[in-house]
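*Asks:* Encoded as structure tokens, here's the structure I'll be asking about.
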Amino acid sequence: MWFLILFPALSLGGIDAAPPLQSRVVGGFNCEKNSQPWQVAVYYQKEHICGGVLLDRNWVLTAAHCYVDQYEVWLGKNKLFQEEPSAQHRLVSKSFPHPGFNMSLLMLQTTPPGADFSNDLMLLRLSKPADITDVVKPIALPTKEPKPGSTCLASGWGSITPTRWQKSDDLQCVFITLLPNENCAKVYLQKVTDVMLCAGEMGGGKDTCAGDSGGPLICDGILQGTTSNGPEPCGKPGVPAIYTNLIKFNSWIKDTMMKNA
């Protein structure tokens, strides 16, 4: 499972975690400039570690397995390694991992059969509100269930090579298909639950990977998921990736944001 490559030490505040392999949008393309204004780049000690989604001026949604002891984020970026006048840098004042996510699983070197990675969500409260512009815009939470067969767009920055840590400078996009959860349940030893989504291409070659964790999955124009975990190597035929099913968490997200405004 690829997110464990990135976070066995880093996830709980360690500082010596090795960089991940196989960590990229697979089979994707350069996103059209400023086409994903809700896309967030999450950093730890100046290193890009995860993606995220801007929900409003004060809050970013990402994956719970991206948990570290301090964060900073960039909003409105297209190029990971270049300065962009329109991009905005923010520190994070506090993080709120979903209380139902089992953090202890991140310390394991292998995934035990039946492991449950449900609730892989975390909210980040920005230390200063984002300025809403043409290139920095929030995206709304879903109001209806996603439908299998929908065309989905995932995005993120990550390695463009399979065996060494060479990140893409350009934000990458990839079109994948939302599949019935049974397609994932058949090929994963871990639990596949109703708070997860299964998406990819059964023929392989198009996928998200560890560097994309926490980034958006937009199906038929609606934010429906965030990247959670998937096969290693990424894009493996017959093995779609797993995303968090956001409509199952609307209440928790809204309540957490309201109580910690």
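Note that the numbers count up from 1, one per residue, in the order the chain is shown.
Cβ atoms are placed via backbone N, Cα and C, with glycine included.
Taken from Swiss-Prot, the feature active site, charge relay system applies to His65, Asp120, Ser213. Look at Swiss-Prot and you will find Cys31-Cys173, Cys50-Cys66, Cys152-Cys219, Cys184-Cys198, Cys209-Cys234 tagged as disulfide bond. If you look up Swiss-Prot, you'll see 25-258 marked as domain 'Peptidase S1'. Positions annotated as N-linked glycosylation site by Swiss-Prot, on the basis of a curator's inference: Asn102. Marked as signal peptide by Swiss-Prot: 1-18.
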*Asks:* In the three-state scheme derived from DSSP, which category covers Cys152 (disulfide bond)?
*Replies:* strand
*Asks:* Which one is it, among the recorded positions Cys66, Asn102, Cys152, Cys198, that lies nearest to Ser213 (active site, charge relay system) by Cα separation?
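*Replies:* Its closest listed neighbour, by Cα, is Cys66.
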*Asks:* According to DSSP, which kind of secondary structure is His65 (active site, charge relay system) found in, if we only use helix, strand and coil?
*Replies:* helix
*Asks:* Taking each of the disulfide-bonded residues Cys50, Cys173, Cys198, Cys234 in turn and counting other Cβ atoms within 10 Å of its Cβ, which one has the fewest?
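*Replies:* Looking at the disulfide-bonded residues Cys50, Cys173, Cys198, Cys234, the Cβ with the fewest others within 10 Å is that of Cys173.
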*Asks:* If we check Cα distances from Asp120 (active site, charge relay system), which of the disulfide-bonded residues Cys50, Cys184, Cys219, Cys234 wins as closest?
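*Replies:* Minimum Cα distance from Asp120 (active site, charge relay system) across Cys50, Cys184, Cys219, Cys234 lands on Cys50.
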*Asks:* What number of additional C-beta atoms lies within 10 angstroms of the C-beta atom of Cys219 (disulfide bond)?
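*Replies:* Other Cβ atoms within 10 Å of Cys219 (disulfide bond): 25.
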